[in-house]
């Protein structure tokens, strides 16, 4: 059983994956709030409470974090509480199997890397990956499995909250599809702007990529969505052809398997 930990700026996904390679399956997944000052002990208490008896069946762990302080605590947690479980943390120097054809590879978020890796592994074709999180990342992977770059926009909730915080007449609203693109009250107007506006933003970015990037105009390009708010926008999107709730977790699994196999089964355990 592989423990997969995906730490983002606002929320953290913890998953359990059984099997490996083509037989791998996410059997459990939890989503909890990210606390930037959380300690290794608090993390261990939370995760052990989630996975229960499966804690004794762990054969590996893989983690990423877009919050550097939390990645450090994840490392300490794995070393202290699961010292015999081999683990991989997605950070510079770790073999991911995906070349980063960008100006500064160290700047590319680990979440973007594993998403593109998982998309290419699944479809074996050029792909555009859209991750709907606190930011919306639209990333591009070539037919050779190379990360070509992408675009980043503020996420739906972040944008909606910012609008409410900076205007006395607006308030924080639930992200939901309104009755119409023409809102009849302030809440519906904000929902329409968020849902239909961001659907247009994503379709526009995908369309521009397909027009401007050589090799991305054909039918062989996989356009994959993932992320917590993706289901809200999927009915409004014209460009997305696939949705994978577990894309990031499978990307973590792929990196773990690559490093395990490269080291003949010997990955880092606590000293």
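Think of each number as a place in line: the chain as shown, counted from 1.
Glycine is treated like the rest: Cβ placed from N, Cα and C.
Taken from Swiss-Prot, the feature active site, proton acceptor applies to 111, supported by sequence analysis. Annotated ATP binding site per Swiss-Prot: 6, 7, 8, 9, 10, 11, 12, 13, 134, in sequence order, evidence recorded as sequence analysis. Annotated substrate binding site per Swiss-Prot: 109, 110, 111, 112, 186, in sequence order, evidence recorded as sequence analysis. Per Swiss-Prot, the feature K(+) binding site maps to 131; the stated evidence is sequence analysis.
Here the features listed in Swiss-Prot are placed on the structure.
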| residue | record | Cβ contacts under 8 Å, 6 or more apart |
| --- | --- | --- |
| 6 | ATP binding site | 12, 13, 14, 15, 63, 64, 111, 248, 249, 252 |
| 8 | ATP binding site | 34, 65, 66, 67, 111, 133, 134 |
| 10 | ATP binding site | 33, 34, 133, 134, 157 |
| 109 | substrate binding site | 66, 137 |
| 112 | substrate binding site | 129, 131, 137, 139, 147, 150 |
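When the neighbouring Cβ atoms lying within 10 Å are counted for each of the binding-site residues (12, 134, 186), the highest count belongs to 12. Summary of the ATP site environment: with the site residues 6, 7, 8, 9, 10, 11, 12, 13, 134 set aside, the chain residues having Cβ atoms within 8 Å of the Cβ mean position are 34, 66, 133. Less than 8 angstroms from the CB of residue 110 (substrate binding site) sit 64, 65, 66, 90, 91, each of them six or more residues away in the same chain. Among the residues 6, 7, 8, 9, 10, 11, 12, 13, 134 said to bind ATP, no two Cα atoms are farther apart than 13 Å.
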